[in-house]
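Asker: Dumping the structure here so I can ask a few things about it.
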Amino acid sequence: MENARINVYQLFCLIILLELGSAVIVGLGIKAKQDAWIAVLVGLIGGLLLFLVYGSLHRQFPDLPLTGIIQRILGKFLGWPVAFIYVIYFLYIAARVLRDMSVMIVVAWLDRTPLTILTGMSVLAICYVLHHGIGVLAKTGEFFCPFYLFSILLSLLLILFSGLVNLENLRPVAEDWKRIFVTAYPLILTFPFGEMIVFTMLLPYVRQPKAAVKTGLLAMIFSALILSAAIVMDIATVGENVVGRAPFPFLATLGKVDIAEFLQRIDIIAVFILIVGGFFKVAIFFYVALMGISSLFQVKKPSRLVYPMGTILFFLSLIIASNFSEHIQEGLAIVPWVVHLPLQVGVPLFLWMLSLLTKRFNKRDQHLAGSA
């Protein structure tokens with residue numbers, strides 16, 4: 001699995017699929033009310049700066065994934081437990097997204113199908129792809145990404161021409177900047193932009209390493225523009241009150257589209273968008289968890305771990321919350337502060353500063369040794 005290589009276009013596609021993933025469906029940034037779309041763009045600024053930190057770590061240790069970088073900087077004794085925490089974190093995020101995806105399919109499409117069946121089928125599909133390695137996942141993402149983006153853009157155009165858009169719902173613009181910043185940081189910074197931490201595990205496997213960070217930045221900007229456009233359409237169509245109450249606002253918005261009494265019930269497009277985006281987001285987080293656990297425990301054939309860890313992912317997704325309301329509340333009120341901020345921001349910044357200091361001291365020691 002670790003010997004595979006991906007090109008920058010495949011990296012771009014995987015980032016788009018991960019960044020949009022579940023974010024395009026849920027009411028991202030709605031705490032900023034009608035200015036949620038602005039909050040996304042404000043959060044993007046912090047996300048880009050954070051990814052530059054990730055990129056700096058990658059340039060200093062180009063052949064190491066995040067788990068290896070941690071052990072190189074902190075040493076084996078301290079680094080191994082911290083790296084293992086990241087493995088648990090990646091697996092946890094995969095389970096959360098899997099729960100989102102399964103619940104929405106039940107709510108919007110297969111309301112009589114047990115959650116366990118949908119979750120199990122999703123895990124089996126993901127495990128099948130990952131058993132063949134990141135190369136197969138990247139090629140699959142490369143294939144689906146254009147259809148995925150086309151579905152989103154088609155949805156936005158159908159909403160625009162449905163006659164339901166009311167721009168008054170977006171006014172007043174930038175009414176409360178404090179509310180915008182409080183929404184952007186930490187909520188939007190950590191979801192979805194801070195989730196780019198997962199690509200610190202994949203950057204060493206990009207064929208064109210010099211273009212990897214630039215590709216990541218461009219993909220983040222592209223994703224943010226699409227997210228902002230989707231939020232604008234949601235709020236302009238159904239209003240910020242409905243967006244704030246609905247578990248899946250994009251689904252609710254598409255459900256109202258009726259063009260000439262011919263194009264109706266196009267909310268199935270939203271289901272397709274979540275299934276595709278959710279599949280790749282779960283697969284990416286699950287794959288890097290596999291990478292991490294294989295590296296930490298020196299497993300010679302990581303593919304053997306795919307199905308056993310897939311079983312763990314299955315049960316973790318089911319027990320992660322007793323109901324969907326608890327799941328959403330946990331994701332908005334607890335996880336960003338307790339989990340995301342330390343692991344997406346705190347630890348990487350600490351590692352980055354420590355690596356720069358170590359590099360500086362090493363240069364000084366070499367200079368002194370040369371002078372002597």
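Even glycines carry a Cβ here, placed using N, Cα and C.
Keep in mind that TrEMBL annotations are predicted by a computer and have not been checked by a curator.
Annotated transmembrane segment per TrEMBL: 12-30, 36-57, 77-95, 115-131, 143-164, 184-205, 217-239, 268-293, 305-325, 337-357, in sequence order.
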Asker: Which listed range (36-57, 77-95, 143-164, 217-239, 337-357) shows the maximal number of Cβ pairs under 8 Å with respect to the transmembrane segment (268-293)?
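Answerer: Most contacts with the transmembrane segment (268-293): 77-95.
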Asker: Against the transmembrane segment (184-205), which of these stretches has the most C-beta pairs under 8 Å: 77-95, 217-239, 337-357?
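Answerer: Most Cβ pairs under 8 Å with the transmembrane segment (184-205) come from 337-357.
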